[in-house]
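A quick write-up on the structure given underneath.
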Amino acid sequence: MESTFKEMRDGESVLDLSPKANVAGGVEDVYGEDRATEDQLVTPWTISIASGYSLLRDPHHNKGLAFTEKERDAHYLRGLLPPAVATQELQEKKLMESLRKYEVPLQRYMAMMDLQERNERLFYKLLVDNVEELLPVVYTPTVGEACQKYGSIFRRPQGLYISLKEKGKILEVLKNWPEKSIQVIVVTDGERILGLGDLGCQGMGIPVGKLALYTALGGLRPSSCLPITIDVGTNNEQLLQNEFYIGLRQKRATGKEYTDLLHEFMCAVKQNYGEKVLVQFEDFANHNAFELLAKYGTSHLVFNDDIQGTASVVLSGVVAALKLVGGTLPEHKFLFLGAGEAGTGIAELIALEISKQTKTPVEETRKKIWLVDSKGLIVSSRKESLQHFKKPWAHEHEPVKELIDAVKAIKPTVLIGSSGVGKTFTKEVVEAMASINEKPIILALSNPTSQSECTAEEAYKWSEGRAIFASGSPFDPVEYNGKIFVPGQANNAYIFPGLGLGLIISGAIRVHDDMLLAASEALAGQVSQENFDKGLIYPPFSNIRKISAHIAANVAAKAYELGVATRLPRPENLVKHAESCMYSPIYRNYR
């Protein structure tokens, strides 16, 4: 026995010890835990069926008061719950009443996050059944405030944190995540969270929120979703000085140090989860977002929601709006305020769709689209000083500094804001659009609400009720001249859950631009005449699961057509197949 303890002191793992030595009672000490000294490392193994107190603490299986009498007996729950038995519907009613009593949106957000950690199915049931009311709580605009205060409200990790400390060990870190069958990863480095800038490690609220929507709106299983934050530091001085900040206290890593960490991450993801795991890049700064998409688009199943998701949802809104304003897409002229990843992504997808419709090279169709950045209209005389992703939009025109002058010079039929700067669609700009067009299309897409280029009320009032308006964050209906206007919301949540579902049910191994066009087409096709009568260019979110199934079917069909689908044979009815694959948050019965 003495020699055994000597070996343990010398650092040998308890798992390497002979398991033959028995402890009192003749029970074999398989893992060597009882023979370990206090400084010896042991593995806390536990593999068992959840029951009793542990079942009530397991969010995947907990049903609270909804456990039946039979289940309470079978799973040792007697006495651990009050005697009443509630239905899931009654639990939902009680929680919605409770949520509505909170006056501060952040309190609602925290209550929803607590519920997700306590009772997963009830959380998703609430979100699915009350999507229009709760979407602004779990996502924009409230998630922006949650990210800003994430260090103060942080309770328990909801995803994986991979920092520079984990360099060389990322594969091991991925293996620490308890779920092994991951289908979708949403990853951020926190550098450009919504319109709020660099929030570093506190950007985790975005992947957590996006994946909640993947499940609620697109029907992906919660266990197949993995939120990840890559922490390479932050340049936000306020956070670095904040005692509650949860991330690395250093300036952002750049250059080789940054690209090496990201490359190790992308290789580890593919090695651990395979070829068909979808990696969605979220809220990376422009320079990194474009590079990552270009670099890994040919080797991984990757998607950037800020570039591609936004583009797809906006193209859909524009296509739908044509039914209200008339004309075909190639007949319209577009002016963007904002030439970052969202603006150039939307512009490129519109140019691709015009190219497809007219069979004209995309280099030609780009000429119908003009962009304004912080220095004014992007024109060919500025080409040398432009970032690479802006160069295709530098057309022949004399320099124009202000947006209002660009509107007057270009005379666009569609004005799109993706600048991240609030109040930039001024009264003068909207009035100019209304003087050029009978029904100007005005899309103020920046998030959160405080960063919107203009409000719904301003757009309708300044255009004398003629504008076709949609925004990135939600606005309430507006009454103008005795008529009620319902503003649309160009929310990426229309697109990415259905797109992700389509990629997964087809087993796609790459994302192709044609899939984004297919998603836009499917979404535009879901806008009913009743919606158009209200001036809406997007369908109501209350039908989102049906919409997601149609988008998934269209995307999957395109994957089969392009030969990048691996789930064979192709199902006959893709819409029904998509619906049948969707996760349901209804409680299960336990034996």
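Every residue gets a Cβ built from N, Cα and C, even glycine.
Because TrEMBL annotations are produced automatically, they should be read as predictions rather than curated entries.
The domain 'Malic enzyme N-terminal' annotation in TrEMBL covers 116-297. Among the features that TrEMBL reports, active site, proton donor is placed at Y139. Per TrEMBL, (S)-malate binding site is recorded for R192, N447, N491. Taken from TrEMBL, the feature active site, proton acceptor covers K210. Under the heading divalent metal cation binding site, TrEMBL lists E282, D283, D306. Annotation comment: TrEMBL describes 307-560 as domain 'Malic enzyme NAD-binding'.
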Chain-internal residues, separated by at least six, CB under 8 A from K210 (active site, proton acceptor): Y139, V186, P227, Q280, E282, D305, F496
Neighbourhood of R192 ((S)-malate binding site), C-beta criterion under 8 angstroms, separation at least six: D198, D283, F284, A285, N286
Least surrounded among the binding-site residues, given as E282, D283, when other CB atoms within 10 Å are counted: D283
Inter-residue C-alpha distance, N491 ((S)-malate binding site) and D306 (divalent metal cation binding site) (nearest angstrom): 11
Cβ contacts of D306 (divalent metal cation binding site) (under 8 Å, same chain, 6 or more positions away): F281, E282, D283, F284, A289, E341, A342, G345
Divalent metal cation site shell beyond E282, D283, D306, criterion: Cβ within 8 Å of Cβ centroid: T188, R192, I193, I206, F281, F284, A289, N304, D305
Reported mean pLDDT - the domain 'Malic enzyme N-terminal' (116-297): 95
